[in-house]
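Colleague: This is the structure I have questions about; it appears just below.
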Protein chains: 4
Amino acid sequence: MQQLTIAGTVFSSRLFTGTGKFGSSQQMEEAILASGSGLVTVALKRVDTKAPGQHNMLAHLRHPHIRLLPNTSGVRTASEAVFAAQLAREAMETNWIKLEIHPDPRYLLPDPVETLQATAELVRLGFVVLPYVHADPVLCKRLEEAGAAAVMPLGAPIGSNRGLRTQDFLEIIIAQSKVPVVVDAGIGAPSHAALAMEMGADAVLVNTAIAVAGQPVQMAAAFRDAVAAGRAAFEAGLPGQSRGAHASSPLLAFLDE
Amino acid sequence: MQQLTIAGTVFSSRLFTGTGKFGSSQQMEEAILASGSGLVTVALKRVDTKAPGQHNMLAHLRHPHIRLLPNTSGVRTASEAVFAAQLAREAMETNWIKLEIHPDPRYLLPDPVETLQATAELVRLGFVVLPYVHADPVLCKRLEEAGAAAVMPLGAPIGSNRGLRTQDFLEIIIAQSKVPVVVDAGIGAPSHAALAMEMGADAVLVNTAIAVAGQPVQMAAAFRDAVAAGRAAFEAGLPGQSRGAHASSPLLAFLDE
Amino acid sequence: MQQLTIAGTVFSSRLFTGTGKFGSSQQMEEAILASGSGLVTVALKRVDTKAPGQHNMLAHLRHPHIRLLPNTSGVRTASEAVFAAQLAREAMETNWIKLEIHPDPRYLLPDPVETLQATAELVRLGFVVLPYVHADPVLCKRLEEAGAAAVMPLGAPIGSNRGLRTQDFLEIIIAQSKVPVVVDAGIGAPSHAALAMEMGADAVLVNTAIAVAGQPVQMAAAFRDAVAAGRAAFEAGLPGQSRGAHASSPLLAFLDE
Amino acid sequence: MQQLTIAGTVFSSRLFTGTGKFGSSQQMEEAILASGSGLVTVALKRVDTKAPGQHNMLAHLRHPHIRLLPNTSGVRTASEAVFAAQLAREAMETNWIKLEIHPDPRYLLPDPVETLQATAELVRLGFVVLPYVHADPVLCKRLEEAGAAAVMPLGAPIGSNRGLRTQDFLEIIIAQSKVPVVVDAGIGAPSHAALAMEMGADAVLVNTAIAVAGQPVQMAAAFRDAVAAGRAAFEAGLPGQSRGAHASSPLLAFLDE
């Protein structure tokens, strides 16, 4: 399978995960290990080293193959995002940042204008920026031009588990992008993740669907395999769809012989 | 993972495959082995032992973990189907039969009335019958009552690769059936196969999408993994979908502190 | 607009309606008149002339442009259906019958085998038979061959309002049928009805979506207009869909001049 | 039917149309009259009064009930858009402007950042601004706050005729917006337009699907009726969808009596 490289870092898995909503830090750790993920997002709030429970949480993420990706979840403007990214860089000793700016408390949808502005500023400040955005092809192109290391368009509202509701636009983004495309938000089942990979997405980020599953560790492994399968299918060359039928079994001649 | 049992035979894989459209018998064999499939359909015509090439073809399917499932592809009526099944039983030394009756040469869609009649007759004759049918919940129930060992409703026209276009009805069939439900026809990508398993289907049958892929062996492995992932997700308990958003990252408090 | 003819009777409207679930007979009458419908299904039970309320109900349907279409709703077998049809012919003085055979009390889905058998028998007995069936192209062809005056494939389970969930198969039925195709069941909004007409269906039957609307009379008129619009669009020649964009406005040259 | 008011102007029709791609100015005029539309977009290039054919074209749009809406199609930045809007105001004697900024020549998708900036500037300059945008709920909210008179989110790429591929996000936009929501681009059939209205959109803009239809005048009338039907259904209260079935005909009791 082709390697995925973001900002010079090679990832052996195309499944990225998050740390929210798990029942316990122990369960989170087991699920993330089962997922095979090498990039794990962490909300800045969670890495507050003064909170004793949080300190413990970070310890569960210390594995040599895992890179942490702090996110700016909760900020509403570009300047808040820049501030949060700087805090995260200090606290977590990484210049990678998942940029999330959502002024809307209900659907948690990202703000395109603030996101572009913050991306440009954070790139200038030396960050490796992965912005979470609507599946807007023009915006993704501008983020790429502003120096984003990857773009993270959404499939559906965060936590909705509705799958790739933006499929038509993800296809355009994937066709046009020169940086990796990571489908984020809305992926609610392994089949959704496989579909994103079959379409040629470079990676997917899954959190809710694993964390709130009946059995999160098994679900994480299921996503791992579905992502690998979807990517393998993309590389193996999927056949096209058609309206009519095409027999896979030859019609029997014996009856007429 | 829970075992799948059909007519007393246990299958370790929930991916069934076919033998049509491959570039060579060698490629077919490699792909089927890569798929992990334990049940492989063969058109009766192909097992004509008088044809030298065909004889060779059967040799490629002789593996201890593989059960052959002759199909009646090409017949148009119940009586033709019964005749074909009897020929197949003799030629292939198995009383398992995939019943396919499609009078329509264009879309190869199955005939419900002939299929029910042939199922009843073949069950009486001691066959293990797996009928290929439209995703018609009432028909599937009647086939079950007539003694079918499993039902094989279609997702889309054979070879169309269009996926689960009958999803609403497959859900009803799965909810109602007391025999295994094998989704057949139309599955064109690993994501389709994963979705069928997530819905609770017992197995899927894939042929065209593997055989005509750019690299059939890799595609077979991708289907193998996607089927396993979809089933694992089903057993691990998929979360529901919702319209609104549900934050996976807690909102940051630090900005307001 | 092209005329619709079923069994020699010309219909000026391609919207057929039902009589169930209305708040009152008065409301039903107003809604049916607003719909412009010329063919109205009535459950045999409702025309029991001994029940005083029912008698009144029939009176509300006596309009010169309206043909009544008794249905066999509630029967489970071909023989029950034939018996019900004969009762209906006597009670309602029409040899038209909407054949509905649904043994399944939960989803009310039709039985293909009993329906084909009853159709053949009722045609022999001189009925004009309009069978309600799953969207099964092979079955529809056989019903046509058995003498059905039209076929009535379902879009989705009765009363579900889910629209054309069987679209791929309705397209095949429409392409193949030599008798009128009336899409029945599941049509829950005027847009669904318009879509059926745009696909080339000959008519649609709508009941629940009108009867349980907030304002049934206005909803009936909305369906009337949507059906007419969908048919007009079909006849006017809808353009195809494409993946890319096609500018409807020419790009401005003045900026570069 | 409830009135639609944009910037103090009342529109009796909720169908807006465009002027591109028609076979002739005569055909365009007939189609627009048949559509009942009271708001018609015109590309600035087309109103170049020095071009003899163009002059003639404008004459075909002079009807008392029609308000012209010049668009900025072809511009790539906010400053080009402001310049184009000023030219349009002079040439067409209206301060209404449909703001279209699409730097991307292939899919003609709008730029969110430039559009927000140009909207603010044009509002400051006294324009009534109707921006064409991606179906991005956060952007639509910001445009509203910047003084846009309406928002015009897209359903699918311009001219693709693919319908409401952004449905999940249009629903959020409609639920949140305090200014009229006009679904623009991608509407390829009357059923698509009806669906937009049923969802509660305030209006739709259709151009390609009418202009390139086999018979544009009849197609325009079909869209007129479908839009009215969809709106009437919205106001009459559409019933919800469900998974199970709900009988519209009572089950027959007579068989058991």
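Just so you know, glycine gets a Cβ as well, placed from its N, Cα and C.
Annotations in TrEMBL come from automatic prediction, not curation.
Pulled these from TrEMBL:
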DOMAIN    C:6-250  domain 'Thiazole synthase ThiG'
ACT_SITE  C:LYS98  active site, schiff-base intermediate with DXP
BINDING   C:GLY159, C:ALA185, C:GLY186, C:ASN207, C:THR208  1-deoxy-D-xylulose 5-phosphate binding site
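Describe each of these features in terms of where it is and what it packs against.
Modeller: Long-range Cβ proximity for C:LYS98 (active site, schiff-base intermediate with DXP), meaning a same-chain Cβ under 8 A and a gap of 6 or more residues, is found for C:THR41, C:LEU69, C:PRO70, C:ASN71, C:THR72, C:LEU130, C:PRO131, C:TYR132, C:MET152.
In the three-state DSSP classification, C:ALA185 (1-deoxy-D-xylulose 5-phosphate binding site) falls within coil.
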Colleague: Chain A proximity: which binding-site residues among C:GLY159, C:GLY186, C:ASN207, C:THR208 have CB distances under 8 Å? Answer 'none' if there are none.
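Modeller: The answer is none, since no candidate qualifies.
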Colleague: Reduced to three states, what secondary structure does DSSP give C:THR208 (1-deoxy-D-xylulose 5-phosphate binding site)?
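Modeller: C:THR208 (1-deoxy-D-xylulose 5-phosphate binding site) sits in a helix per DSSP.
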